[in-house]
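Record features, source TrEMBL:
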type	residues	note
BINDING	A:GLU44, A:HIS568	Mg(2+) binding site
BINDING	A:CYS63, A:CYS66, A:CYS562	Ni(2+) binding site
BINDING	A:CYS66, A:CYS565	Fe cation binding site
Amino acid sequence: MSTERIVVDPVTRIEGHLRIEAEADAQGNITHASSSGTMVRGIETILTGRDPRDAWAFAQRICGVCTLVHGIASVRAVEDALDYPIPPNAQLIRNLMIGAQFVHDHVMHFYHLHALDWVDVVSALEADPAATSELARSLSDYPHSSPGHFSDVKKRLREFVESGQLGIFANGYWGHPAYRLPPEANLMALAHYLDALAWQRDVARLHAVFGGKNPHPNFLVGGAPSAISTGVERGRRGTAVDDAGLALVREVIGQMQDFVNQVYLPDTLAIAGFYKDWFRRGEGIGNFLTCGDFPEKGLDDPATYLVPAGVILDRDLSRIHPLDLEDPQQIQEFTAHAWYDYSTGKDSGLHPYAGETRLNYTGPEPPYEHLDVGADYSWIKSPRWRGRPMEVGPLARVLMMYASGHAPTRELVNSALHTLDLPLEAMFSTMGRTAARAFETKIVADQKTVWYENLMANIRAGDLRTHNQELWDPSTWHSEHKVRRGIGYTEAPRGALAHWVVIEDEKLANYQAVVPSTWNAGPRDAKGQFGPYEAALMDNHQLHDRQQPLEILRTIHSFDPCIACAVHMVDKEGRELVRVRVR
Amino acid sequence: MNQRKAPETLGEELRRRGMSRRTFLKFCAALASSMALPASMAPVMADALAAARRQSVIWLSFQECTGCVESLTRSYAPTLESLIFDFISLDYQHTLQAAAGHQVEAARETAMKENWGKYLAVVDGSIPLKDGGVYSTVAGETNLDTLRHVAEGAAAIISVGTCAAYGGLPKAHPNPTGAAPVTDIIRDKPVINVPGCPPIPEVLAGVIANFLTLGRLPEMDALHRPLAFFGETVHERCYRRPFFRRDQFAKSFDDEGARNGWCLYELGCKGPETRNACATTKWNRGVSFPIESGHGCIGCSEPDFWDKGSFYAPLPRGRRSSAESIAAAAQMAAGTGIGGAMLSRASRKEDLEDG
C-alpha cells in the first residue's frame, strides 16, 4: 500500500482538542480518515447528586464558545422533568439570547476560525487599496470601505510582517496554490477580520443585559433571572433590563443585522465564488438531523418553531422523518471505537436515559506518534439515529427549513445559488455548509426583531413576569413519581443539542448530553460506519501538499468543531437506577 | 512571511505608526490607574515598553472550555487586536493560530528557543494527573509534559480562569480525571492567578499589560491573585448594598423587590464571600454584571466554588448579621474618609474569618 499517515494535531482555530489522522494514496487522495477527541473532563459525573436548579451552570461550562447553549438545554431538561411552565417573557428573552449567540458565534467562526483557510493574509500586501475599496463597494454599502481605510489596514499588516514577530500568523500556509483570492479580496477579508473582532465585543452586550455577562451569562430554571425594571423611579437602578437596557438590546439587534447584511453574507458569497469546486466535496453522510428551536409560543408547540425538528435521509428533501428523542430505538450512543466500556458489550448502543460510560483508555501511552485507528481512538462517542450517522448544524437546519417550505430560507438559498450558478445539490458540500451558516445567521438576525417587538408589547401591556415561582422550592416537586425524567433540547450554533436528566429525591441521579460535535466528530461505530467529519474528508479530497493539510482544515472547519462539547461521560451510580426506568 | 528579520523595538514600531510620546504616555497612565499604581509610574512604564520587543506569549490550553479565550476577545481596554498586533507576540494560541498540526508545534518551539527565559506562559484549563495524564493530550503529549516543558523557559506564568488557577470545574467532586491547577505542578516560577469563570477580560488584559510595562507580575494576595482586582468582595462594592443594610431583599426573581434592585442575599447571592471586580469593572463595556441582571453572584472566582452547595441557598444567617453590624459601624464613622477604609478593612477581616 502506498498510503501514508497524515496527522493534524492540534487542529487549531476550533474549540477544544481535536486530532485528525488521515491516509492518502500516491496522488494525495484521502482514502481513510479518523477523528479523535483527545480531552475529557467528566462533567456528567460531576453533575450527579447536585441540585437540579444548579445544573445549568455546570453544564454551561461544557463550552465557553457556544456559551449559553448548554445552560439553555439544561434548564429546559429540568423544566421538562418537573412539568414546570415558564412565562412568555422568559421564552422571548431566551429566544433573543439564543439568537444572539447564533449571530455572534457564526460571524466569529467565519472570520476568526474559518477565513484563514480561504484568505491568504500575505497576499493582501500586494493589494491596491483603491481597487479594494471598489471591490468592497460593489458588494455592499458597508461604510468602512474607503481607500483610506484599506490603506491603513495594509500599512498595519506590512508593519506587523516587517517586525518579524508573526505571532498567530507564524508558519501559516501562505502562498499555498489552493489559495485563490485576488490580493484585493484578501485585504478586504483581513479588514473585516479586524472589524468583526470589534463588532463582536459590542453585540455580546445583549447577553450582558439579560444574563449579566458574556461569556457564560446566567440562566434560571423556571424562567429568566433578569427582572424587568421598566418604570423604576428615575435615577434609581433596578436591573439592567430597564428602559436604557432594552434600548441597548434594540441597538445591538440593529448592529447584528447591519453586519450580517453588509459584511458577513456578501463576504461569504464573494469568497465562495472563487472556490466553486468546494461545492463538490466534503459532505459524506447525506443524513441530517434537527431537534428544532425558537418557539413562537412555548416549547410544547413545535408547529411554531422557526427551525422544525426532524430527520432527512440520503439527501432526500421530499421527506422529513419525525424525531422522538425519548424513543430508545431512535437515539443511541455507541462506543465501539471510543475509550469507554459498556456493561452490555462494546458493540451495543444505549439510549441516553440508559447511558453508561466508564472511562477506559486503551490508546498508546503518551507521548505517541500515531493512534491505533483500527481499535479505539477517541474520547467522543458515536451517536446514531435508528442506527445511522447524522450530520447536525447549519446545513441540516437550512435543509430542514428549505424542505419544510420556510419562504425566507427558500428565497435566500435559491437566489444565492442562482447568483453562483450552482444547483441545489451544491449545498451538500464543504462550501455549502459554510454558506448555510451565513444564510441561517441572516434568518435568525431578522427574526430577532419580531421577538424583541413581542417582548416590548408584553411589557407595554403590563406583563412583567419573567419567572414562575410556583415550583422553585424543591419541596414542591414531590408527586406520585419518585423519579422524574426530562429532556431539554435546543438548536445550538453547531447543531442539535439535547440533555437528558433524571431527578430523584430532589437531586440529579443521572445527567447525559448528546451534543452537536458528538454527532459530527464521533468515530466509527460497531458497523464500521464513519462519522460525518471522517466521511466528509473521504469525499473527493486531494491534498496538494501533505505537509500543509489546508484541504483537511477547510472541511473540518466548515463544521465549526467544538470538542469540549463533544466529549462527555455519565455517572456510575446513576446507571442501575436508570436502566430500570427504560421502557 | 515565514522569514524572520531582526525584530525592532516596540518604541520604534509605535513611532513609525505615528503614535506620539504624549499619546503613549496617556495609554501608560490609564494602564497604571487600572492596576492601582501611582501616576508617576506612567513614564517608567512608557520607557520600559518603548525599549522592548513585543513580548512573546505562549498560551497553553488544557482541560478548558475556551470561555477564557472568548472572554479576552471581549476586552475593551486594551482590545485583543491592540494586544496581539501592537503589544504582544502571541506565538502559540490554538483558538486563533493560522497554522495547525506540526507547523504550530514548530512555531511554539521556535518562539521558546528565541525567547528562552523571557516569554510569558499563559495557561487556561486544569491539568489531569490521574492515570498518567491520558485524559488530555495535545500532539500526542500529555498536558503535564507540555506544561513542564514550557514552564521551564518562562519568565512567569499567568493562570487564566478558575480551572487553571484552582482546578475549577474538572476538579469538582469527584474529580474524575484527577484535575489539578498550575500551582500544584509548577513551584519554581512566579505564577499569578486570574480566576473567574470566565475572568473579567479587562482584569486579564490588565495583568498582561502590567507585565509588559513593568516586566514583572503585579502585587498578589496569598492565593496569587492581583490585589488591584481581588482586594475586595463583590458585596463590598455592590450597588445593591444599601438594600442589604436596610434588610430589603428580593424574595423571588421577579417580585417588586427584584424589579427595584433589592439585595439578592436571600436568593443565594455569594457576593459577600467572593473577591472579584465585577461590581466595579463590570462586564461588556460596563453594561451590567450578574447581580445587576437579577441573578445572585455564584462565586465563580473562588477556589472550589462548585462544591460549596447550591447557588440558590442563602449564606448562613450569622455571617450576614456580622457583615451588617460591621457595615453599621462603618456608617457611624462616615463623614470622614475613615469610614470607607475602615469598612473595607473590617469586611476583609470578616471575610477571611469566614473563608
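Note: Cβ is positioned from N, Cα and C throughout, glycine not excepted.
Curation does not apply to TrEMBL; its annotations are automatic.
Within 10 Å of the C-beta of A:CYS66 (Ni(2+) binding site) we count 30 further C-beta atoms, all protein chains included. In sequence order, A:GLU15, A:VAL69, A:HIS70, A:CYS562, A:ALA564, A:CYS565 constitute the residues six or more apart from A:CYS63 (Ni(2+) binding site) in its chain with CB-CB distances below 8 Å.
In sequence order, the binding-site residues near chain B (CB to CB under 8 A) are A:CYS63, out of A:GLU44, A:CYS63, A:CYS66. Residue environment of A:CYS562 (Ni(2+) binding site) contains 31 other Cβ atoms, counted within 10 Å of its Cβ in all protein chains. A strand conformation is recorded for A:CYS562 (Ni(2+) binding site) in the three-state DSSP classification.
The secondary structure of A:GLU44 (Mg(2+) binding site), as reduced to three states from DSSP, is helical. The two recorded residues, A:GLU44 (Mg(2+) binding site) and A:CYS66 (Ni(2+) binding site), have Cα atoms 18 Å apart. The most crowded of the binding-site residues listed here (A:GLU44, A:CYS565) is A:CYS565, judged by how many other CB atoms sit within 10 Å of its own CB. Under DSSP, A:CYS63 (Ni(2+) binding site) is assigned to coil, being neither helix nor strand in the three-state scheme.
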